[in-house]
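Enquirer: Got a structure here, written out as structure tokens. Questions coming.
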Amino acid sequence: MSQADGKANGHLDAEKQNQPQKRSAIRALIQDFSPIWFVYCMNAGIISILLHQLPYRFDGLGVLSTIAFMVDFVLFIVFSIIFLTRFALYRKQAYTEITDNIQDLSFLAAWPIAWLTLSSLVALIVSTAGWGGHAFTVVAYVMWWFGAGWMLLTYFFIFITMVRKAKASGEGGGRLPPLILMPAMGIATVATTGGLIASYSYAISARLAVPIIIFSFLMVGIAVFTATFLYTLLLYHLFTEGWPVPAITPAMFVTAGPFGQSAAAIQLLSSAANTYRRFAGYNRGPFISANAAQPLYVVCVFIALLLAGMSSVYALLALYAMVERAFQKQLSWTMSWNSIIFPIGTLTTACNAFAIAMDSPAWRTVNTALVLILVILFLVNTAFMALKIVKGELLIVREDPRSQKQE
């Protein structure tokens with residue numbers, strides 16, 4: 001064989017080695033499974049809640065809400081099995097890849113958030129069904145307390161991991177990504193779902209409801225102050241470095257989540273205390289009493305207006321960023337588009353509570369319009385995800401990029 005042939009074969013061997021390894025579909029699914037997929041469960045859950053609580057009713061609305069609930073439930077089980085299997089088979093690799101990636105680390109909060117939406121839907125849909133009853137109120141109650149503890153542990157794990165690994169720097173030269181607010185939004189979700197369970201669960205007693213209400217107010221404090229501190233850093237990076245990179249620009253909507261969810265939470269919690277008379281039924285001390293419940297409700301609606309106002313500002317900033325990227329022809333669909341629905345859903349939940357507090361047709365109209373937009377966006381995201389999965393560009397990617405990195 002000539003020297004030229006030897007060189008040619010050497011080049012071919014080198015190219016072959018540099019090509020990503022092919023994997024089986026099952027291995028690709030498990031090895032690359034990211035916690036970002038639980039965002040899809042979150043989105044189905046919030047849409048189910050919004051449809052169930054929609055002020056303008058029509059035939060079939062309950063069925064649509066139940067369908068969204070079942071999507072949330074089934075996908076949560078499937079995704080949880082895949083995610084746990086990833087850790088069972090690739091322990092060190094899975095842990096390292098998630099904790100070294102600030103986006104995946106932040107998305108760990110999506111798992112308990114999805115669980116919390118399920119707990120509230122068990123209360124809203126299952127416990128109030130003809131075949132449900134108080135037994136499922138207890139199920140929702142236990143699920144919620146488990147989810148609250150899970151979310152708190154996740155909150156501390158994410159931030160402690162960032163400190164230990166000094167991972168407070170994301171993409172773009174050390175800037176903080178908007179997804180850093182996911183844990184704060186998750187803590188606020190503990191409170192919102194607690195308010196739903198304390199208000200709407202079938203035959204829930206004051207003895208069960210009041211501990212949820214008190215604990216949930218504590219969670220609102222954690223969420224609001226955590227978000228406030230992080231907002232300062234995020235705004236600093238916006239002023240000094242501009243918008244995030246196009247691929248994660250839609251994730252800016254996460255900035256609307258903590259305050260929007262907190263605005264919804266304090267209204268639901270104070271409504272449970274006052275309108276549903278949980279404080280009157282408990283009646284212990286000057287705070288947990290019927291006399292304290294009504295002024296508490298009024299104050300909470302006022303504070304919720306302040307929080308919802310700031311949440312709307314962040315949502316409008318995120319919308320402008322996406323429009324600007326679109327005009328610059330830099331906007332394309334990525335998985336970060338799924339980050340839009342839940343944060344805006346939290347603000348929509350707050351709007352529904354405002355409509356009840358003020359008996360306002362305007363708030364009811366805004367709430368209904370936002371729900372319609374979110375449902376359309378959910379379907380659009382589903383279509384894009386299905387297309388990319390069929391093309392082998394998402395969820396099951398047979399080529400393993402790790403093999404190329406190891407060369």
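Residue numbering: from 1, along the chain as shown.
Glycine residues also receive a Cβ, built from the backbone N, Cα and C atoms like all the rest.
So TrEMBL lists the following for this protein:
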type	residues	note
TRANSMEM	36-54	transmembrane segment
TRANSMEM	60-84	transmembrane segment
TRANSMEM	105-126	transmembrane segment
TRANSMEM	138-158	transmembrane segment
TRANSMEM	179-202	transmembrane segment
TRANSMEM	208-239	transmembrane segment
TRANSMEM	251-276	transmembrane segment
TRANSMEM	296-323	transmembrane segment
TRANSMEM	335-357	transmembrane segment
TRANSMEM	369-390	transmembrane segment
Enquirer: By Cβ distance under 8 Å, which residues at least 6 away from the ends of the transmembrane segment (60-84) in the same chain are close to it?
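Expert: For the transmembrane segment (60-84), the list is 29-30, 33, 35, 37-38, 40-41, 44-45, 47-49, 51-52, 54, 111, 114-115, 117-118, 121, 125.
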Enquirer: By Cβ distance under 8 Å, which residues at least 6 away from the ends of the transmembrane segment (369-390) in the same chain are close to it?
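Expert: For the transmembrane segment (369-390), the far contacts come to 40, 43-44, 46-47, 50-51, 54, 333, 335, 337-338, 340-341, 344-345, 347-348, 351, 396.
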Enquirer: Sequence-remote contacts (6 or more beyond its ends) of the transmembrane segment (138-158), Cβ cut-off under 8 Å?
Expert: 105-106, 108-109, 111-113, 115-116, 118-120, 122-123, 126-127, 182-184, 186-187, 189-190, 193-194, 197, 201, 204, 208, 212, 215, 219, 222
Enquirer: Below 8 Å between Cβ atoms, which of the listed ranges 36-54, 105-126, 335-357 makes the most pairs with the transmembrane segment (179-202)?
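Expert: Answer, by Cβ pair count: 105-126.
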Enquirer: Other than its close neighbours in sequence, what residues sit by the transmembrane segment (335-357), given a CB gap under 8 Å and a spacing of at least six beyond its ends?
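Expert: 36, 39-40, 42-43, 46-47, 49-50, 53-55, 113, 179, 185, 188-189, 192, 247-251, 253-257, 260-261, 263-264, 267-268, 271, 297, 301, 304-305, 307-308, 311-312, 315, 318, 363-364, 366-367, 370-371, 373-374, 377-378, 381, 384-385, 394.
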Enquirer: Any residues 6+ beyond the ends of the transmembrane segment (36-54) with a Cβ under 8 Å from its own?
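Expert: Hits for the transmembrane segment (36-54): 61-62, 64-66, 68-69, 71-72, 75-76, 79, 83, 103-104, 107, 110-111, 113-114, 117-118, 120-121, 124-125, 196, 335, 338-339, 341-342, 345-346, 348-349, 352, 367-368, 371, 374-375, 378, 381, 385, 395.
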